[in-house]
Each structure stands twice: as C-alpha cells, then as structure tokens.
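Novice: Residues or ranges marked as GTP binding site by Swiss-Prot on the basis of sequence analysis: G27, G28, G29, S30, N31, G114, T115, G116, E145, K149, D193. For 386-418, the entry in Swiss-Prot reads region 'Disordered'.
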Amino acid sequence: MMNIELAPSGEEFTLSPTVIKVIGAGGGGSNAVNRMMSCGLQCVEFIAANTDVQALSYSTAPKKLAIGTKVTRGLGAGGDPEIGEKAAMEDAEAIASALQGANMVFITAGMGGGTGTGAAPVIAKIARELGALTVAVVTKPFRFEGRAKMMLAERGIEKLRTHSDTVIVIPNQNLLSVVDKRCPIKETYLVADDLLRKSVQSISDLITLPGEVNLDFMDVKNTMEGQGYALIGVGEGEGENRAVDAATAAINNPLLEETRIEGATRLLVAVRGSENLSMGEVDGVMSVVAKTIDPDAIIIHGTSIDASMQDRVRVTVIATGVPQASISIAGDTHSSQKIKTSSYGAVSTGVYISSDEWNRAKSSKQPNLPGLATRNSAVQETRMEKNGVKGHTFGVPLPSVNEDLDEPTFLRNRNKGL
C-alpha cells in the first residue's frame, strides 16, 4: 500500500474518494439502473425509487425506495406526474437518507410518465440541498406517444432544470435515426437504456479513472455546476484518422438533443486511447473541438491511457452553459437514414456513428419517418376532453391542434404572452 504524506496544516480531516450515487426514478429510471449494473459500472452506488412496488421488486439495485405508499398504495402513479411529485415529497426523508454523503448524484428517468416526471425534480432538489453536484440524465417520449405526453415531459424537464446543476436530455425519437426500422421494440428500449448508461459512465469515468493528464471531481464540478442544459457526446474512431473521427463523431452525436455546442460556455474534453496515443492525435482532437465553439469558451481537457482500447480512440465532450435556443425541444432528428446496428462504418463502434455516416445522414433529403401515418391530433384531444382531461395537467396547458411542437417551448410561450 502506498503511503501518502500530507503537509501539516494544523487542521484534522479525513481523505475519502468521491462518492457518486445514481438514482433511477420510476420504471424508466429503474430500467436504466439495471442496465448500468449489468454492464459493470464501477465506483458508483445505485438506488431505485418507484411508486409501483411490484415493478420495484424487479430492480437489481441494492437499495430500493418504495415512495408514496400512502398516496398510491404501492400501485404506481397512473401516468400522473402530480402523484409522482406527491409521492416523492411524502418520502423526502427516506430519499435524503439514501443520498446522504454523495459528492455527486445522477438522476435518471423517462420523462412523460407519472413517477419519473413528478419525482425526479423533487429528488434533484433534495440532492442539491445536501450539497451534491446534481446531474439529471433523462429521456423524452417517442413522437407517436402523443402531444400531451410530450408536453408533460417538457414541463418535467423544465422543473428538473430548476433544481439540478445540469440536465442532459436524450429524445427517444432520435433512436430511430440509428437503429434499423425492423429492430425489435425490446432491443430499441435497451439502446435507450444504454444511452443513459453511457452518459452517466462517460462522466463518472472521468472522475474515478486516473489519466496522464488527469481530470478530477472538481474539474467536472466546475464544468457542470449550475450550468442548466448540457450536451454530451462520445465518439470512437480507429484507423489512420481515428482521433479526428472520434472527435467529429462526439460533437455530432445525433442521439442527444440536436448537438449544437457553438453557444457553450464551458467544455470538458477527455481523450482515451492505448499507449500508442500520440500528442499529435490529442492536438487533432482539440483542433476539431476548437473550430466548433466560441473562442472565449473555457476548455478543460484530460488524457488517459487504457490498454484495452487497442487501436481505438474514444473522445468524450461535455458542453455546458448551452443556450436554450440551441436545444431542440421537440427532439426531432432531420435524418431519415436508418443504420443497421450490425453495419457501422469502420471508424465507429457501439451505438455511435462515424463522421462520414453522420454527414450522409445529415444531407439526406428524404422525409422523416417514412411509412408512419400522420396522427390526428384533433381526435386525440376530443378523446381527452371526453375523459375529463382538459385545461392543465401537471401545470401544463394542453397544446392546441394548430401548435407546432417543432418550435421551442420558450418561443411558443413568448408568442402566447406567457
């Protein structure tokens, strides 16, 4: 064991590693936690919180919180975020106890449902009050799930942003740009869970794994604390142009909200490769990133060596302080080109695509989602009114038939005078 001698300062204190906790809220969040655990995510404590006791019993998290049993009797929130919110408030002390001692808390949830949408902002508020760096990584519904659910998700994300240091949003709709249309439903949702896992892992690895140019918890905290919306991209490359390809794929990751980092005020760039990673390749990565962002943006970079990378290079880019106008609220992707999960280009691996594939998809002029019939929103609204759902749900005015959800929320509200 290595002995570390501390310079005397006259003060007594205890050295301890960074404590990172991940809490999954609701069914979607619990599924993401299961995925992270099955992939062997290290140096992280896992918690699952749900109003549905039966669903909670299937969680593999070592700590399970059945929240809101007085409100829901353990039967779930029924898709109502207000019930999810009340459930989390009912068991605020239990949530605080589970999160106690954490330096960093990740909150993961599927937005648009009941428990995740309602409970996640409450959990974020508790975590932040405990002094933890609070990062939410959440998904938004598929477009076919309807306008009402999308509006609930957007409202939940806005609440979450208020109480979190940073929010990373992954629209499920964008999965359709990278999986084959014949991909089974179960596998598609596994890809969504894996995206949540990769987002959390790419950040936690920066803190827990050593590097040649090291990044630590304070680097991550200074980049993400109080920054609102964030974008994260992870790209891998191999071959002669592996570093540049990895950087290009990272900043053009189509699976997040439209990845436009131009307005970011802070960036954290991590480069990981094997022992043959050269300084010239690191310089190439930073050059690609620098050409994309504001020259006055603060950039923190780190480099680490991992023998298991072999001939591959992985680049992680975390961009924070992103203006809301740079975020695609509707979560659309303008590409209709589908990429089979078994046929990625030679310079890309996992669920990410190469720079060449990205450029081909981006330049495609075909209409989005061919074969899907146009949903009749008027019929949907009529059914909702018959069921007594009218006016506001979870504090959200239901959208009219004529509203364009491709327009960002803040612009729609401004036009309404809100």
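Positions of Cβ are set from backbone N, Cα and C atoms, glycine also.
Tell me about the setting of these features in this model.
Specialist: Under 8 Å, Cβ to Cβ, and six or more positions away along its own chain, T115 (GTP binding site) finds A25, G26, G27, A49, N50, T51, D52, I67, G76, A77, I83, G84, A87, A109. DSSP assigns T115 (GTP binding site) to a helix.
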Novice: Return the maximum Cα to Cα distance in Å (whole number) over the record's GTP-binding residues: G27, G28, G29, S30, N31, G114, T115, G116, E145, K149, D193.
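Specialist: Overall maximum Cα spacing for these binding residues reaches 20 Å.
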Novice: If H, G and I count as helix, E and B as strand, and all else as coil, what does DSSP give for G29 (GTP binding site)?
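Specialist: In the DSSP reduction, G29 (GTP binding site) maps to helix.
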Novice: Counting other Cβ atoms within 10 Å of each residue's Cβ, which of the binding-site residues G27, G29 comes out lowest?
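Specialist: Comparing Cβ neighbour counts within 10 Å for the binding-site residues G27, G29 gives G27.
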Novice: Are there residues of the same chain, six or more positions away from N31 (GTP binding site), whose CB falls under 8 angstroms from its CB, and which are they?
Specialist: G24, G110, Y189, D193
Novice: Find, for the listed binding-site residues E145, D193, the residue with the lowest Cβ contact count at a 10 Å cut-off, counting only other Cβ atoms.
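Specialist: Ranked by other Cβ atoms within 10 Å, the binding-site residues E145, D193 bottom out at E145.
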